[in-house]
Amino acid sequence: MKINVDGEERKFRSVWFEKDEVVLIEQRNLPEKIEFYRAKNSDDIAYAIKHMVVRGAPAIGVTAAYGLALAKIKGENMEEAVEKIRKTRPTAYDLFKAIDFMKSNGFDIHAAERYSQEVSGRCKKIGEYGNVLIADGSKILTHCNAGALAVVDWGTALAPMRYAKESGKNIFVFVDETRPRLQGAKLTAWELEQEGIDHAIIADNAAGYFMKKGDVNLAIVGADRICANGDFANKIGTYEKAVLAKENGIPFYVAAPGTTFDFNLKTGDEIPIEERDQEEVLVVNGKKIGPENSKARNPAFDVTPNRYVSGYITEYGIFRPDQLGDLKRKVQSDLFMRTTTPTA
């Protein structure tokens, strides 16, 4: 991804390995500050994933892969390191794919590098395929952050938009703020600004207003886990955006690499949903916003049924929900994807 640092445009990945450390862009400090988190052991990796120094299913997977390689280099107990990292976040399927990939490859650093390269390359292909859906003048809605920060480079939902921009198309992106952690306002808008893509941040509850007005003609989101039937988990609020898109006749696409598809789960009812600390809802800028004794519920994800999805943009092409059997066969014949059969 392109980042402007002190007036100089530089290229970064969201996570990489350097001198026996795993280095991550500290996403909690964006857009105010560009800082880096340096993980020196598996405890640091588990903290980074659990506390959202890094977030986004593919980026979590790559971080886990590097983290396990780091644990081996440091001489840690690998069984303990695996369990520690596995427990961090239950919904993102890429985490489990990466762990099992690394176990199958002896936790070798070269395997972690290969995993990272594969994820990045596959997301670039998502951009190429998704670009065909974007016409010149498109007004696109996206939710949460599914850009390079959430992957390693390119992104999933943002990859087609980056390709559209590079191919000379004039596009505009509506960015849901994405409460409670504001990944849309803080991260997606920041990425779009770095890429020079015209956009506006909107309140989460404003999406239906702009859809009904005809200001949105395409929606693209990412995913944290996609089931065999096409039901998928993504950041909380995705489900209602999908319902609104269908109500207003707007195509709704999900962009994700093969590592995010969990063909072991038949439907979305089987996806474990992480519930995070209520303080994320109740406290804003260090100040409590509700009555002293009020409590909050804070599910991090929701599940969108396949009937609301126009198609899935993958590194293998674009598939409708009724074509996921074809996608499954492509995934199963892919040597990289066949390396393991992950179990959450």
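The count begins at 1 with the first shown residue.
Keep in mind that glycine also has a Cβ here, set from the backbone N, Cα and C atoms.
In the three-state DSSP assignment, the secondary structure recorded for Gln183 (substrate binding site) is helix. A sphere of 10 angstroms centred on the C-beta of Gln183 (substrate binding site) encloses 27 other C-beta atoms. Here TrEMBL flags Arg55, Gly56, Ala57, Arg89, Gln183, Asn234, Lys235 as substrate binding site.
The site 'Transition state stabilizer' annotation in TrEMBL covers Cys144. Cys144 (site 'Transition state stabilizer') has a Cβ environment of 28 other Cβ atoms inside 10 Å.
Feature annotation from TrEMBL assigns active site, proton donor to Asp224. According to DSSP, Asp224 (active site, proton donor) sits in a coil region rather than a helix or strand.
Using Cα positions, the member of the binding-site residues Ala57, Arg89, Gln183 nearest to Asp224 (active site, proton donor) is identified as Ala57. Counting only the Cα atoms, the space from Arg55 (substrate binding site) to Cys144 (site 'Transition state stabilizer') is about 11 angstrom. Within 8 A of the CB centroid of the substrate site residues Arg55, Gly56, Ala57, Arg89, Gln183, Asn234, Lys235, the other residues of that chain are Ile60, Ala92, Cys144, Asn145, Ala146, Ala150, Gly222, Asp224, Ala300, Phe301. In the three-state DSSP reading, Ala57 (substrate binding site) counts as helix.
The DSSP secondary structure for Arg89 (substrate binding site) is coil.
A straight line from the CA of Cys144 (site 'Transition state stabilizer') to the CA of Gln183 (substrate binding site) spans 5 Å.
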